[in-house]
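Engineer: Below are the structure tokens for one structure; questions will follow.
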Amino acid sequence: MAVKVGINGFGRIGRIVLRNALQLGNIEVVAINDPFIALDYMVYMFKYDTVHGRYKGTVEVKDGKLVVDGHAITVFAEKNPADIKWGSAGADYIVESTGVFTTVEKASLHLQGGAKKVVISAPSADAPMFVVGVNLDKYDSKYQVISNASCTTNCLAPLAKVIHDKYGIAEGLMTTVHATTATQKTVDGPSHKDWRGGRSVNNNIIPSSTGAAKAVGKVIPSLNGRLTGLAFRVPTLDVSVVDLVVRLEKEASYDEIVATVKEASEGPLKGILGFTDESVVSTDFTGANESSIFDSKAGIAISKSFVKLIAWYDNEWGYSRRVCDLLVYAAKQDGAL
């Protein structure tokens, strides 16, 4: 049995959610909506990917549908979510991955077309936010619109939870060295709200704001107000890294912290929080399924209460895998799976 899903927005996350869904088998993508991508171009965009490689199965157009490995997917091209006939395609759960309809009010428009629930693949100002491995116990089936938070929050929150549960985080600062995303400029151009963000991504390290650290306080309330951070956008295509500096409430040696994280990665957070003690670099994590991979060799401590912790994440693939996990979890809790 599989949860029947529709995807709104066939961009980076939309396409990679589909790739993940095809791997997992417990999600059946029955419909895709994107008003800006013609069906034949949709085939091309899904088949070829600069980061994750060529799709190894079959991708074609047949009878006006996108057919992947023999599985037919209905395609819509509506600009208004309220006009998408999700119900006619049998799509119960919607992945809202346009980056546009990120509030409860806007995302709820999907419900008018027959959808039962919407998962926003981005942070939301007012939708309940969930991070797999951190706060799924707070999920309630009454929620019709939920958020999977951001890729960076998904990396940071599991690590922060492990450290906070064991040692207590008094306060912390996070920096994410973040790969390029689609909203950035290839050459210098206008960006009235974020002047630095208008500079070319190809030859710059660009400081940027991020709400990822503060958002951890929404999924771990006891950390609310204790974490904040910033981002540096760098000229790489994929895979990012979180640098978390924390002051601990309970003293611990760096080796003790490493042992704690490793234990969690092999136990309750297996598959969510990874662990490496090898001399790795960013491309070694392309296609990593985990939300966060702790790098024990990269962290440092200045004392038993002040430490820097490093965790890698594939901001495209790992995040999309969690979108799928959240869909399946919600469907099970709702009795739909």
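Cβ atoms are placed via backbone N, Cα and C, with glycine included.
Predicted, not measured: the structure shown is a model, and the values here were computed from it.
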Engineer: Looking at the D-glyceraldehyde 3-phosphate binding annotation from Swiss-Prot, with Ser150, Cys151, Thr152, Thr210, Gly211, Arg233 already listed, which candidate in Thr181, Thr186, Thr260 is the matching residue?
Structural biologist: Thr181
Engineer: Quick check on the annotation: Swiss-Prot has Arg12, Ile13, Asp34, Asn315 binding NAD(+), so which of Lys79, Lys85, Lys250, Lys262 does it put in that site too?
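Structural biologist: Checking Lys79, Lys85, Lys250, Lys262 against Swiss-Prot: the NAD(+) site match is Lys79.
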Engineer: Could you tell me the maximum Cα-Cα distance in Å between the residues recorded as binding NAD(+), namely Arg12, Ile13, Asp34, Lys79, Asn315, rounded to a whole number?
Structural biologist: 27
Engineer: State the three-class DSSP label for Arg12 (NAD(+) binding site), counting H, G and I as helix, E and B as strand, and everything else as coil.
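Structural biologist: For Arg12 (NAD(+) binding site) - judged by DSSP and reduced to three states - the answer is helix.
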Engineer: Among Ile13, Asp34, Lys79, these being the binding-site residues, pick the one whose CA is nearest to that of Thr210 (D-glyceraldehyde 3-phosphate binding site).
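Structural biologist: Closest by Cα: Ile13.
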Engineer: So among Cys151, Thr181, Gly211, Arg233, all listed as binding-site residues, which is physically nearest to Asp34 (NAD(+) binding site)? Use the C-alpha atoms.
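Structural biologist: Comparing Cα positions, the closest of these binding-site residues turns out to be Thr181.
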Engineer: Checking the spread of the D-glyceraldehyde 3-phosphate site as listed (Ser150, Cys151, Thr152, Thr181, Thr210, Gly211, Arg233): what is the longest Cα-Cα distance, in whole Å?
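Structural biologist: 16 Å is the greatest Cα spacing among the residues binding D-glyceraldehyde 3-phosphate.
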